[in-house]
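Sharing a structure here in structure tokens format.
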Amino acid sequence: MAGGGRALLWSLLLILSYALIEAVAGWRADSMALLGDAGHMLTDGVALGLAALAARLGQRPPSPRHSFGLGRVEVLAAVFNVLLMLGIVSAIGVEAVRRLLHPEAVDGPVVIGVAAFGFLLNLAIALLLMKEAHSFNQRAALLHVLGDLLGSLAAIVAGVVIVSTGWDPIDPILSLFIGALILFSSLRLLRETIHVLLEGTPRGVQLEAVGKAMAAVPGVESVHDLHIWAIASDRLALSAHLQLRELALWPDILSREQELLAEHFGIAHVTLQPELDQHPLRRWAEAPTDLLRRPDA
């Protein structure tokens with residue numbers, strides 16, 4: 001397994017181990033802040049496990065049954081993560097509101113000790129993942145761990161406030177804050193997942209900029225029917241029709257286009273259809289992204 005996959009697996013083991021310890025400590029201390037943070041870490045552990053599995057499956061070569069490979073497994077993993085996160089947010093929210101309406105005593109010193117250990121653990125995991133955070137899965141996992149850092153910090157604050165003032169409601173209040181963090185991450189992940197499933201243009205890729213660069217290749221008159229989508233988060237695909245001056249120039253144009261798209265836009269899976277430019281003005285009235293001409297045309 002690649003270095004990024006090993007980092008994910010080690011992070012998964014550390015997070016799941018600590019989530020179990022934190023959940024037991026939260027139950028014994030009767031702390032919603034610890035229980036909420038344990039729930040957050042559990043979702044991150046599942047996310048890391050799915051990310052590692054998706055990364056492994058995504059490395060499998062295409063087959064007759066899956067001609068694009070299994071890169072979209074990470075999208076399915078994201079859907080599962082969103083559903084799991086939303087379920088935990090609901091549970092944390094309901095219990096936190098109950099605690100606000102019916103306050104219960106919280107063992108502040110236990111909360112501080114466990115949360116402080118969790119903060120150091122999350123910091124170590126974040127540093128581990130930062131070295132390998134290249135793919136979508138790894139960057140998403142890093143974001144989850146950074147969220148855990150904030151969750152542990154919130155639990156520490158709750159413990160300190162309880163020890164100093166005896167004000168127990170700070171615990172469910174900060175639990176709601178942790179729940180809001182999970183909700184924000186869930187909705188963001190859901191939006192990105194839907195965008196991939198709808199085969200939207202990948203983030204960071206400007207369709208018009210790509211088309212103009214392709215149209216600037218010598219021998220190309222215009223580019224139309226340009227589509228860019230993500231097979232997986234780190235595997236972009238493109239298809240387009242190119243109108244040419246001469247069909248005999250196609251082998252050289254194809255090589256130049258493939259080199260341009262791979263080096264400047266990170267697009268390696270390219271399907272291009274050459275056409276002779278017999279009707280140069282027929283599509284000027286259509287959408288700007290439908291026809292992209294050479295700058296000197």
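Any Cβ shown, glycine's included, is placed from N, Cα and C.
A quick note: this is a predicted structure, and the numbers were derived from the prediction, not measured.
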Can you identify, from 11-32, 33-54, the stretch that TrEMBL calls transmembrane segment?
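So the range that TrEMBL calls transmembrane segment is 33-54.
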So, taking each listed stretch (75-97, 141-167, 173-190) in turn and counting its Cβ pairs to the transmembrane segment (109-129) that are under 8 angstroms, which one gives the highest count?
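By the under-8 Å Cβ criterion, the transmembrane segment (109-129) pairs most with 141-167.
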In this predicted model, what is the average pLDDT of the domain 'Cation efflux protein cytoplasmic' (202-275)?
91
